[in-house]
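According to TrEMBL, the features are:
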TRANSMEM  41-59  transmembrane segment
TRANSMEM  65-83  transmembrane segment
TRANSMEM  90-107  transmembrane segment
TRANSMEM  113-133  transmembrane segment
TRANSMEM  188-206  transmembrane segment
TRANSMEM  226-249  transmembrane segment
TRANSMEM  294-317  transmembrane segment
TRANSMEM  329-348  transmembrane segment
TRANSMEM  368-388  transmembrane segment
TRANSMEM  395-412  transmembrane segment
TRANSMEM  424-454  transmembrane segment
DOMAIN    467-543  domain 'STAS'
Amino acid sequence: MESLLGSASAPRCCSFSTVKSWLPILTWLPNYNLRWLQMDVLAGLTVGMTVVPQALAYADVAGLPVQFGLYSAFMGGFIYMFLGTSKDVTLGPTAIMSLLCFSVVGGEPHRAVLLSLLCGLIQATMGLLRLGFLLDFISYPVIKGFTCAAAVTIGFGQVKNILGLRGIPTEFVLEVYYTFAKIPEARVGDVVLGLLCLIFLITLTFMKMTLPSDDAPTYTRVARKLIWAVATMRNALVVVGATVVSFSWEAFGHHIFTITGETAQGLPPFKPPPTSDTTANGTNVTFGEIVKDFGSGLAVIPFMGLLESIAIAKAFGSQNGYRIVANQELLAIGLTNIMGSFVSAYPVTGSFGRTAVNSQTGVCTPAGGIVTSSIVLLSLAFLMPAFCYIPKASLAAVIICAVAPMADYTVVKKMWKIYKLDLLPFGVTFLVCFWEVQYGIIAGVAMSGALLLYNTARPKIKVLDHDTLVLELRSGVSFPATEYLSHFIHKTALQESPPRSVVLDCHHVSVIDYTVVTELADLLRQFKAQGVRLVFARLEHRVQLLRSDCFRKCHPKRTQRLSDDLCCFTKVRHALSGGTAAA
């Protein structure tokens, strides 16, 4: 009876584990308690006060009306609560994704929504097929090169809003030129308000960074909490304060600020994203033509969205003592973008700044995202009329302070000290991104791949000239390195006068392929023809077996094998002195 019960319960247990792996909410929901609820509500409220002004600002970076930032900010909280594996991550619009979206769709809302659907389908498919390992091929120098270029591009792109300038091109080089050329046209109201907002944000950020420790006296602890709360909500305070000032001047008929203007009111309609578009002159653009126009953006945006979110999740998972499942994160982000496209959202990903606020506030589960999403929905339902009075200078100040930490110049010094060649993909990515963002990422990945292939094709060989010429392979050998290895051995041994015997130290070689075996077999023949020897020393067990089988096939008449005692140079030299061929 026990065996029958055991066999019956095992599949049920296995089935439940499978369901939990696809729905991580089942791992923490049974243990949910009142304390977790209190902390999640507090964290959700705090993040909600941060995400609303940031979403409005990032929509401007994407070249979209400000309401599209809020449309993109609430779906992630609902989806991630069920599918996410990190308690801290918050999904929504970010500076990087907004910049990438603008570079692909050029500020066209219909195409931005369709882009969200296609990116979500790609990301969800990658999650279902367990293709998260593909993200490993985007190196850290490429990521840093892109983020530094994005920080400069986004930050400088907001200078025109601080100055109140209009008619500035979006191409970076032209944008820089015309921004400086039109400085005399700057509006005093926007400049003053923008600078005041920047000073306020920088001051609160600095105060938050220099807060006293938790073991300070009681009165200091109270002040610490107050300063932390004010500094955390600094973006909302700046936008609300600037909006009040702007509304006051507008009410008296003084239009001294550049404001966002009329915005759509209410919640977005739930409808499928458009699969076609119509140009200004009435020409219908089909789905296939739109996808063709997206070009490389359909590869770059899904990958960068996944990379940014998973990197954030891993960082906070390590900090707070839990592990994430990368492929499950892919599925969560993909479904968020798919469902977001039905409410007019553009592509989203994890936000580092808002995730940090979420973690610091003490969130316990992904349920905090429900509170954040609710605040966004309430803002859409009731506050949209007030958003038309938000000065663009205040939103520009929020964006500049948000992207400033991304410009990490110290990484160049670190790369120079650790591995100078990493500066190549970093520099290529950084520079090309100023021309076209997605091309910069592709160029950086290509450069990283070229360096990786070069290192594979040019293994390091250490030459030790004792009684016998010893060549020590400092890394593995695969087929791209075959020609280089053969040429190196020819040059150092067979082309000498007289030819020299060689000991090939294979201590670091764990696997060799058929191409390498064939080339080495040919080298053995050439060494034998010239009356010298090529001996393989310190071979790994797997390589010895592979070498034995393949060499016998390449040389059916050769029956003598290299003995197992060739495991150190002393024994190898002793074997050489015996005068018998080694294979």
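Easy rule for this one: first residue shown is 1, then count along the chain.
Glycine is no exception: its Cβ is also placed from the backbone N, Cα and C atoms.
Between the transmembrane segment (294-317) and the transmembrane segment (226-249), fewer than three CB pairs separated by 6 or more residues in sequence fall under 8 Å, so the two stretches do not touch.
Comparison of 41-59, 90-107, 226-249, 329-348, 424-454 by number of C-beta pairs under 8 angstroms to the transmembrane segment (113-133) places 329-348 first. Same-chain residues lying 6 or more positions outside the transmembrane segment (90-107) and placing a CB less than 8 Å from one of its CB atoms are 47, 51, 54-55, 58-59, 61-64, 69, 72-73, 75-77, 79-80, 115, 146-147, 150-151, 153-154, 170, 294-295, 297, 300-301, 304-305, 308-309, 332-333, 336, 346-352, 354-355, 358, 369, 372, 399, 402-403, 406, 436-438. Mean pLDDT across the domain 'STAS' (467-543) comes to 82 in this model. Counted with DSSP, the domain 'STAS' (467-543) comes out as 35 helix, 13 strand, 29 coil.
Long-range Cβ contacts of the transmembrane segment (41-59) within its own chain (Cβ-Cβ under 8 Å, at least 6 residues beyond either end) map to 65-70, 72-73, 77, 90, 92-95, 98, 229, 232-233, 235-236, 238-239, 260, 351, 353-354, 357-358, 361-363, 367-372, 374-376, 379, 387, 390, 395-396, 398-399, 402. Panel annotation: around the transmembrane segment (368-388), residues 39-41, 43-45, 47-49, 51-52, 55-56, 66-67, 70-71, 73-78, 80-81, 87, 90-91, 243, 247, 259-268, 358 of the same chain, lying at least six beyond its termini, place a Cβ under 8 Å from a Cβ of the stretch. Here the transmembrane segment (188-206) does not touch the transmembrane segment (329-348). Their Cβ atoms form fewer than 3 pairs under 8 Å, with each pair 6 or more residues apart.
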